[in-house]
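Structure, as structure tokens:
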Amino acid sequence: MSTVTPSAPTLIIVSGLSGSGKSVALKTFEDQDYYCSDNLPINLLPDFVRSLLANHDGSAPRRLAVGIDVRGQADLSQLGDWRQLAADAGVDVKVLFFEASDETLLKRYADTRRRHPLSQLGLSLPEAIARERELTAPLRREADAVIDTSSLNVHQLRRRIITEFTMDHATGLSLLFESFAYKRGVPAEADFVFDARVLPNPHWDPDLRALSGREPGVRDYLEAQPDVQRYLAQLMDFLDTWLPKLGDGTRSYVTVAFGCTGGKHRSVFLAERLARHAREMGWEDVATYHREQD
């Protein structure tokens, strides 16, 4: 049984595919005053945690982020065991897994001209990516959050990490309300996806076309539509019913995504409105992320 308390040391384990943004994530945690260590072998995690807890004079770092690399790892499935040991010792452990589509990874390697870590095995780049997906499958299964960075630039990824994972949060469920454009794909990390394309589109109003769903003109237009009001009422009823079921301690993060054609008006409006509703209902850890806007 875990002995984690709200004031417990925090350990973020950063894992995932090479080229998916792990280095950006670790640098972001470092910028947020986390003590960071990269490429730590899994079998050293227990000693790492013990050294963290052994220093009782207050000088030991309370927030750490550790990068786990696929190279040289004998058995990545051990992560669950080491994670439980850390939790039993009173450390608040979170596992993040970063990934991207094959097409995105191939383009990133072409742009940077860097070699894939598994290329030393004589594999082509597509083969190395496929092999790494197989090797890291145990890490992905263990993750509290899977973050697909295919559509994110460095600045967007940094902002997302800061918003979701580095702020001091009360214990409980972290809620992210996200907007997206269907033409760029559904967010892979979404737990719930709602289609806003059935609603009236402000794009066809010349006075609203250049605005986003965060601006008063678009909000007023959508809130005046009976279909939007009915859609909102049904969404609120659904989320009010089922989000508490996910906040019983079995989940750490939930992403609720809203999609429309361009990710600019309807989906943004819904994400902002439902985030506001969640705060009004007493949820403390609520954030928004507009994939096509931020």
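For all residues, glycine too, the Cβ spot is worked out from N, Cα and C.
Taken straight from Swiss-Prot:
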type    : residues                                               : note
BINDING : Gly16, Leu17, Ser18, Gly19, Ser20, Gly21, Lys22, Ser23 : ATP binding site
BINDING : Asp69, Val70, Arg71, Gly72                             : GTP binding site
Spatial separation of Asp69 (GTP binding site) from Gly19 (ATP binding site) - C-alpha basis, Å: 12
Gly16, Leu17, Ser18, Gly19, Ser20, Gly21, Lys22, Ser23 excluded, remaining Cβ within 8 Å of their centroid (ATP): Phe98, Glu99, Ala100, Thr149
Rounded inter-Cα distance in Å - Ser18 (ATP binding site), Asp69 (GTP binding site): 8
Neighbourhood of Val70 (GTP binding site), C-beta criterion under 8 angstroms, separation at least six: Ser18, Leu76, Pro117, Leu118, Glu132, Leu135, Thr136
Coarse DSSP state, helix versus strand versus coil, of Gly16 (ATP binding site): strand
Cβ-Cβ distance under 8 Å to Lys22 (ATP binding site), same chain, at least six residues away: Val14, Ser15, Gly16, Gly67, Phe98
DSSP state at Val70 (GTP binding site), helix/strand/coil: coil
Cα separation, Asp69 (GTP binding site) to Gly21 (ATP binding site) (Å, whole number): 13
DSSP three-state assignment for Ser23 (ATP binding site): helix
Cα-proximity to Asp69 (GTP binding site), 10 Å cut-off, over binding-site residues Leu17, Ser20, Ser23: Leu17
Number of Cβ atoms other than its own within 10 Å, given for Leu17 (ATP binding site): 24
Among Gly19, Gly21, the most crowded of the binding-site residues [Cβ within 10 Å]: Gly21
